[in-house]
Amino acid sequence: MWGFLKRPIVVTADINLSLVALTGMGLLSRLWRLTYPPAVVFDEVYYGQYISFYMKRIFFLDDSGPPFGHMVLALGGYLGGFDGHFLWNRIGAEYSSNVPVWSLRLLPALAGALSVPMAYQIVLELHFSHCAAMGAALLMLIENALITQSRLMLLESVLIFFNLLAVLSYLKFFNCQKHSPFSLSWWFWLTLTGVACSCAVGIKYMGMFTYVLMLAVAAVHAWHLIGDQTLSNVCVFCHLLARAVALLVIPVVLYLLFFYVHLILLFRSGPHDQIMSSAFQASLEGGLARITQGQPLEVAFGSQVTLRNVFGKPVPCWLHSHQDTYPMIYENGRGSSHQQQVTCYPFKDVNNWWIVKDPGRHQLVVSSPPRPVRHGDMVQLVHGMTTRSLNTHDVAAPLSPHSQEVSCYIDYNISMPAQNLWRLEIVNRGSDTDVWKTILSEVRFVHVNTSAVLKLSGAHLPDWGYRQLEIVGEKLSRGYHESMVWNVEEHRYGASQEQRERERELHSPAQVDVSRNLSFMARFLELQWKMLVLRSDDSEHKYSSSPLEWVTLDTNIAYWLHPRTSAQIHLLGNIVIWISGSLALAIYALLSLWYLLRRRRNVHDLPQDAWLRWVLAGALCAGGWAVNYLPFFLMEKTLFLYHYLPALTFQILLLPVVLQHISDHLCRSQLQRRVFSALVVAWYSSACHVSHTLRPLTYGDKSLSPHELKALRWKDSWDILIRKH
Amino acid sequence: MPPATGGGLAESELRSRRGRCGPQAARAAGRDVATEAAARSPKRPARGSQRFEAAGRWALLALVTLLSFATRFHRLAEPRHICWDETHFGKMGSYYINRTFFFDVHPPLGKMLIGLAGYLSGYDGTFLFQKPGDKYEHHSYMGMRGFCAFLGSWLVPFAYLTVLDLSKSLSAALLTAALLTFDTGCLTLSQYILLDPILMFFIMAAMLSMVKYNSCANRPFSAPWWFWLSLTGVSLAGALGVKFVGLFIILQVGLNTIADLWHLFGDLSLSLVTVGKHLTARVLCLIVLPLALYTATFAVHFMVLSKSGPGDGFFSSAFQARLSGNNLHNASIPEHLAYGSVITVKNLRMAIGYLHSHRHLYPEGIGARQQQVTTYLHKDYNNLWIIKKHNTNSDPLDPSFPVEFVRHGDIIRLEHKETSRNLHSHYHEAPLTRKHYQVTGYGINGTGDSNDFWRIEVVNRKFGNRIKVLRSRIRLIHLVTGCVLGSSGKVLPKWGWEQLEVTCTPYLKETLNSIWNVEDHINPKLPNISLNVLQPSFPEILLESHMVMIRGNSGLKPKDNEFTSKPWHWPINYQGLRFSGINDTDFRVYLLGNPVVWWLNLLSIALYLLSGSIIAIAIQRGAQLPAEVAGLSQVLLRGGGQVLLGWTLHYFPFFLMGRVLYFHHYFPAMLFSSMLTGILWDTLLRLCAWGLASWPLARGIHVVGILSLLLGAAYSFYLFHPLAYGMVGPLAQDPQSPMAGLRWLDSWDF
């Protein structure tokens, strides 16, 4: 029992000094003068505003990626005690003293720094030599583009960090698999793979590519496992189950968790509210919630409502009418009914109020008890301020001649009868007797006489319609489209009998008391959907580039220019590394093809274990490059050089692998091997030299003369800023 | 378990496959044939008369073909007006007959065949095909419809033969044939003047011949082998020549060929020379032959369409010079630009037009209030500009001056001929594209300021070269701001007469929007040359027409507030397409898949994935399957896999496409899906029958199952046939309607 006293207590520490040194150098290169420049650099202007939103707890919507990345940056702000008060309006603006620049930039920089030792470990776990591993890490260390990107409030370095973490932990797990399955470290690395993948996806959708790669590799390995007949069925099943849980369930749960935290953090309404549905807006503090709080839930005959179009494109808007009529004759010579205009108006206005009227009765107030409107009921919609009712007829709409004009009916006594009956269809109904509910119900109005559906056409009316949006009756209602769906946003039970009184009532804000909460899943699904379908069309940017230009580094991005001197920061890679990375990839592909063909004819050039190593390294590194690069050819959005950086890191991992392979298997004599090593050393020195030469553009700490800058413009396509004096 | 029934079939099937692939292929051919023959008659004992069986098989094939033709040709003439896209393809057929040039986003073969069919059947190309619903009156349209229906009818026998070959089971083939014959969607799509029946004909022909040559693999370089291989190539060319969707079947054949070659390459009993021969044969038949045929269709296309027509504007100036009736045809103009030349400048991007200016100013509040500069699609005297030197205003046409050519890199001034204002730009934002600079006409009688100076550059040329009419691609760079003259392609509002915006873009990226060429060129001091010298060569025309087609395709973008069909709608038969008629008094035709068939297909895909993975895992786990089950699983994995690949390739790429999509794009995939259904149910029922073999009536399961599926398909066709053959009377919501109660989904509107 006291046995442990008999022996001395010994702690054996195994410290890989090269790893420590690499980490140190990584930290040094990424953290050195981190607060410089003390001004907004490039996309910091973009991410910065989201950090401020987090600090102020204001809801926002960003279509560039899931919220985890923004949250990581915001964590930096939180640690630095940032209060969110900074106007992120232009690149180059000096930071005020309340912005903790160092801590805001710290997390991406740390992620960038840690990528260096991780590269080392990955190559080691691929069972290549310590030398090759060092090579990979040193290349990561001196790659200028990676340094630039890590030293700013940007997400690529964090993404790369999690990509590499996923690969590393999978390799660790895979190596554990051979000798100790289901051990503690096996579980740890397996779970970490899932977590890292999920984090990568949570930062940018691009992380999906690496995730898919890891899934594919894991699936192939699992398939081999299934084929392993020394394992019992139960054992195989447990293996598969563990993988499914770690690589499928955990990522999904974590992804949801990101959104959960995101929505918990951002509970105040903000500038992006309008994009979201009324129900979502009502769940935020302030904004619409302040108005809708306490509205009656069920719409009844006599209710006063505003109707918002669910599709909301090109802009979110409300059904609207005003005194003006359609012009008798349009510019193109077609005629109209000359009745009162009905439009969709993107601002809150007293003319957005409509009264739901029972066609069978004459009263415009809610009876007591209120008679709720149900799916399938016939209604008339009476415009509150003008008491004219919503009407459509077989007259071509002003801008969409294939659809019917919608108007508020004026009786000109010219044998054009009112056709103002609409059938209410609740689209998201549970049963056919559902009641029309404020905010929650999505409804369509189907015209009884012509079965046209009330629709937002999306076209802007000319000056006579005050550039408001056109509303039409769609005759060919082919299926469900959100532009035909409406929901009640503001709602109250009308009580005034007299028109004058009613107008006063319409002007006053609605006030009653009920609160409603949307479930997390509903909010998550809506937010995710909106993020995926939101398209911002800034199709042109001075520094945008096409994927083909990336491989050979034909382009750069000017990130920042000192306001007075010509010190500047560019996203510009180390061209020696980029070119040799691409070469290594080509060599890898050719060699693999050669080996494959030869193996097919039963000629085995490589011993089995070397071959397996070669294949696994290729699957992860070349595969990682391919999945992170090739999909960009299919994308239509504006692309930038920094999109290539994740692919580049995989290329950098592949480089030493190929070099070692050449040295081990293709150099036949000792002499050749020596010569080759010397060449590699010379090549690495040149990469170092290039890195050093480009250093002023990477850190932006030194102002170069125009002559020196011109000398750095190695490619005509590089845009280096030279001040004219 | 008697060996001669379906089970025995599977075993022999397995053996013959192995024999083909493996090195121990040396077996008596006679026996092989016998087993194959036995394999094809699952319901009879192998001992039965072979001749009798062969006749039976032929009779069955004939029956299937006949039924297919009968359904497709039944009431083909109805309705006697234009339905849906007939308005396009009929019109294009007429263009071929009239030999006028037109532009379409699809390659020409399909429309050429329609035109040919019309020509042969006596249609004279005079019908206008203006809009759907127009009556054909006395015009002969049956030839074109009949031709499409003829090709569409072959789909069923092709699918039948393909499945027969893949599964070696008559019942699977019959089931597939029934599904396709009784599918209202395939039927409707085959009955009108459309590209789809032609496309699907070639796709299925390619699939069938590929499967056939695969099964000839044990007799390489034999006559049938060559026949089917080259037929595959021909069909591929046909498919690609009709629509670019043909690329998917090319991909499938390509993958199959690569797998095939990989397999041969690994067969150590074959020498490298033999493998090389295999490779060459495939390169010849599957790459060279289709490419040659495909190019030939374009050659015919350009030869036939020799007259100027509605498609001219889509093509470059040099191209237009080929077309008789175009003002560039047989024209002769000076070749090199010189100072003093009067020119028109055309944007290289399709449908942008000529650099244009007119006596109207930009309105108040939109940049500087100077004369508008736009691009205009039509030929007009306001498109004329004079090239002048930037620093002198002397008339270069003065005969005392020597001719001075404009060279790459020169600084020039462009003076608008009608208004004598100079092309001008400055640091004001452009009217629509806010990040660009405004372009205006400035100055009086050619006297302006330094903002009128432009540097003229030829793309990819050295400094000092002369500039050629039509052929040189030029950029105009504004000297002061360094921006490039371009057109954003956006339509100006009323004040700009709805012409297109011209801007000066500070982004120096080389895009077609900022590249121009000189089209008309007048200079009395220079000798004229005939434009025929500048006519593009055939490869250039081919390349250009492809660029235009690809751009046209990607230009078909859906609008925001329009309802568009999404790929996920298709397999669930979510919504059809109205071919003809809307109201209850109209003759209505509605393209919609037979829901029973389509939902069965959908279920089958899920079931296939499930059963396929179970079997694959069992094999991977090394389970010892009974010979019969092993045979059936081979059919399921290989045959089914082949077809599933086809479905995947013809369906999933649509998810990546940005262009407008329609329901009918799914039909090629639907053919594959139906074949999968046939193979799957036949195999599953056989497996069931085998599994329950101890039970006395087990063998009946297969027969009963297949029969009930056949009858179900036929009955559902009976229910839904008015969709295809046309219906009159109240809409389906109305209980009076013959279709009442059949509107199973709210989204179907018939």
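Using the three backbone atoms N, Cα and C, a Cβ is placed for every residue, glycine included.
As the structure is a computational prediction, the values presented were derived from the model and not from experiment.
Applying DSSP to the domain 'MIR' (B:334-390) sorts its residues as follows: 3 helix, 29 strand, 25 coil. Annotated domain 'MIR' per TrEMBL: B:334-390 (among others), in sequence order.
Taken from TrEMBL, the feature domain 'MIR' covers B:403-459 (among others).
When the domain 'MIR' (B:464-521) is classified with DSSP, helix, strand and coil residues number 6 helix, 27 strand, 25 coil. Look at TrEMBL and you will find B:464-521 (among others) tagged as domain 'MIR'.
Annotated region 'Disordered' per TrEMBL: B:1-48, in sequence order.
According to TrEMBL, the feature transmembrane segment maps to B:55-73 (among others).
According to TrEMBL, the transmembrane segment annotation covers B:101-122 (among others). Through the fold, the transmembrane segment (B:101-122) approaches residues 88-90, 92-95, 140-144, 146-148, 193, 195, 198-199, 238, 240-244, 294, 297-298, 300-301, 304-312, 314-315, 323, 548-549, 552-553, 556 of its own chain, all at least 6 residues removed from its boundaries and within a Cβ separation under 8 Å.
Marked as transmembrane segment by TrEMBL: B:142-163 (among others).
Marked as transmembrane segment by TrEMBL: B:226-259 (among others). Here the transmembrane segment (B:226-259) has long-range neighbours at 106-110, 195, 198-199, 201-203, 205-207, 209-210, 212-214, 216, 281-282, 285-287, 289-294, 297, 549, 553, 642, 645-646, 649-650, 653, 665, 668, meaning same-chain residues at least 6 beyond its ends whose C-beta is under 8 angstroms from one of its own.
Residues or ranges marked as transmembrane segment by TrEMBL: B:279-305 (among others).
Taken from TrEMBL, the feature transmembrane segment covers B:596-619 (among others).
Positions annotated as transmembrane segment by TrEMBL: B:639-662 (among others).
Sequence-distant contacts of the transmembrane segment (B:669-693) (same chain, six or more residues past either end, CB-CB distance under 8 Å): 1, 6-7, 10, 155, 159, 162-163, 166-167, 169, 171-177, 179-180, 183, 185-186, 200, 203-204, 207, 570-571, 593, 597-598, 600-602, 604-605, 607-608, 611, 626, 628-629, 632, 635-636, 639-640, 643-644, 646-647, 650-651, 699, 701-702, 705-706, 709. Positions annotated as transmembrane segment by TrEMBL: B:669-693 (among others).
Residues of the same chain lying 6 or more positions beyond the ends of the transmembrane segment (B:699-720) and with a Cβ under 8 Å from any Cβ of it are 5-6, 43, 171, 174-175, 178-179, 181-184, 592, 594-597, 600, 681-682, 685-686, 688-689, 692-693, 742. According to TrEMBL, the transmembrane segment annotation covers B:699-720 (among others).
Long-range Cβ contacts of the transmembrane segment (B:142-163) within its own chain (Cβ-Cβ under 8 Å, at least 6 residues beyond either end) map to 61, 64-65, 67-69, 72-73, 76-77, 90, 93, 113-114, 117-118, 120-123, 169, 172-174, 176-177, 180-181, 186, 189-194, 197-198, 200-201, 204-205, 207-208, 211-212, 639, 643, 671, 674-675, 678-679.
Broken down with DSSP, the domain 'MIR' (B:403-459) shows 3 helix, 29 strand, 25 coil. Long-range contacts of the transmembrane segment (B:596-619) within the same chain, counting only residues at least 6 positions beyond its ends with a Cβ under 8 Å from a Cβ of the stretch, are 179, 182-183, 185, 571-573, 625, 633, 636-637, 640-641, 644, 647, 670, 673-674, 676-677, 680-681, 684, 709, 712-713, 716. The average per-residue pLDDT of the prediction over the domain 'MIR' (B:403-459) is 87, rounded to a whole number.
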